[in-house]
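Asker: Marked as Zn(2+) binding site by Swiss-Prot: Cys335, His386, His512. For 1-61, the entry in Swiss-Prot reads domain 'TGS', with the evidence type sequence analysis. Taken from Swiss-Prot, the feature region 'Catalytic' applies to 244-535, supported by sequence analysis.
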Amino acid sequence: MPIITLPDGSQRQFDNPVSTMEVAQSIGPGLAKATIAGRVNGNRVDACDLIEEDASLEIITVKDEVDGLEIVRHSCAHLLGHALKQLYPQAKMAIGPTIDNGFYYDIDLDESLTQDDLEKIEKRMKELAKTKYEVVKKKVSWQEARDTFESRGEPYKVEILDENVSRDDRPGLYHHEEYIDMCRGPHVPNMGFCQHFTLMNVAGAYWRGNSDNKMLQRIYGTAFHDKKALKAHLTRLEEAAKRDHRKLGKQLDLFHMQQEAPGMVFWHHNGWSIFRDLEVFVRSKLDEYGYQEVKGPLIMDRVLWERSGHWDKYADAMFTTSSENREYALKPMNCPGHVQIFNQGLKSYRDLPLRMAEFGSCHRNEPSGALHGIMRVRGFTQDDAHIFCTESQIQEEVTNCIKMVYDTYQTFGFDNIVVKLSTRPEKRVGSDEIWDQSEEALKQSLESMEIPYEIQEGEGAFYGPKIEFTLYDCLDRAWQCGTVQLDFNLPGRLGATYVGENNERLVPVMIHRAILGSLERFIGILIEEYAGFFPTWLAPEQVILMNITDKQSDYVQEVVQKLQKSGIRAKADLRNEKIGFKIREHTLKRVPYMLVVGDQEMEAGEIAVRTRKGKDLGKFKVDDFIAYIQDEISIRKLNLEE
């Protein structure tokens, strides 16, 4: 006779084991109709699963924007499998999980699927979903599950059972009419909940992510609770495609990538201008917050990487080379090099905190399939810093790091930031006392600034707790960029010490700090955030001057030279083209200010100013415009008056 406790504290007693659906029915038919699954004692279960003992129960409905939506998407992956097997009986089904904003299914099929094929598959999915058929779950023995999939010619399911499922388990088989899939669940009770979906694209994917295995076809899709949400998501995707940094990188002549250097960026003049401006900006923050800038070697001996522990953990991701019977590695990170700099010369507690920063060129041998424009590369530059401090200085230093993060992000217009604090894992180094002190210091730093944060229990690194900063862009996409990570391990491994107040040798605490993360990736984020319409201080070309006739050419050149001498990136367009044509062309290039000079402007020593969005700012004296734009650049103004 289980007693079920509901979220409002009320209780219901039942004479026999009861399912989530039956509890919902006892409350009301409306709730039962909306019920997708349940959460029993915090664990998600199918609506049909029986609750045999006293338990707390949350009923997951179609309105649940987290669990409910994830379950709908997972069931849509099964629906995709159902449609595929009807249209392509020879297809071998692999896995079909959910991902951010959607789902996918990996299949083994000799025929290469096209976009037209996806439309055909989606049509069949909609026909099946329209019938709102019941999804029937059956728990079976491991052997019965294996026999089922072996008889159905599904080798990937058999392999999963052989290698990933205990012989003592009772796998869940979900029957979608004649189609059977295997899953932990939960899934929707019927296909009436899966009505608003679409298939996005198809790509290649190695089985189990291993390039030694067969290449499968991965079909991506997305699903939502209602038509409005699906349409809004597709609109965001269309906007994201317009803002794609790879497309704009080519259009604005910022960078390119090529096969001979996979994952390495060829920066063009325009893109490198942005890169350098970012460095100048970050350097100004380093000066403001009391950092010293250093530069470490790009290549270091394997011996150092073994001492630091990176060889054991990162060897597969490191590029290596050898010379004179010694093995070297390109650095994947900067921290071991910074400890070497710290170790030069005797350090006292009076020298701490010591804040060391570097624009470090790092290389990681990322899988080719993971590379994505300048967002995911093999060669990148980190705005990396390491702070060597005493235990008593942790809170103040972390607070300054947090201030620097927010100060930096706000300059770029990012004000929607989610903060997560990761605490001690089960396996860790350092005493409980130092972990207690450090976690409390991180909490106090965040709370003193009234910053809301989520705690990720046990998600810290083995060598210390950390704070992660995830910023959200104009399309509400999440980008994890900044980190503040405490480290009780590396300084000791690499022999870093300082002399304490009582002349004893002590090991400093090390704080790893990154704000932009990778400059390459952050520039990619900015390209998409601004859609190429960079604020004037970052724009590769800030001003373009255009003549109406050849008569004004000398005056235009004179004004351009004056602007350039004033530190403004200005160019002249003296082509024998109509002024409207020139304006349209430079508008597409996202040049912030377009200056037009005709006879009247030339005779008055003026320029006619308009913005790239078409706003007419009127006529300026040249010196007045220089003062106007210099002020905008100096304060790093975010938006043009347009």
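Every residue gets a Cβ built from N, Cα and C, even glycine.
Source: prediction; values computed, not measured.
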Asker: Among the binding-site residues His386, His512, which residue has its Cβ surrounded by the fewest other Cβ atoms within 10 Å?
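Answerer: Comparing Cβ neighbour counts within 10 Å for the binding-site residues His386, His512 gives His512.
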Asker: Helix, strand, coil residue numbers for the domain 'TGS' (1-61) per DSSP?
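Answerer: So the counts come to 14 helix, 27 strand, 20 coil.
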Asker: What average pLDDT is reported by the model for the domain 'TGS' (1-61)?
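Answerer: Across the domain 'TGS' (1-61), the average pLDDT comes out at 93.
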Asker: Other than Cys335, His386, His512 themselves, what residues in this chain have Cβ atoms within 8 Å of the centroid of the Zn(2+) site's Cβ atoms?
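Answerer: Here the nearby residues are Met333, Asn334, His338, Asp384, Ala385, Gln485, Asp487, Leu490, Met510, Ile511, Arg513.
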Asker: Can you see whether DSSP assigns His386 (Zn(2+) binding site) to helix, strand or coil?
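Answerer: Once the DSSP labels are grouped into three classes, His386 (Zn(2+) binding site) ends up as strand.
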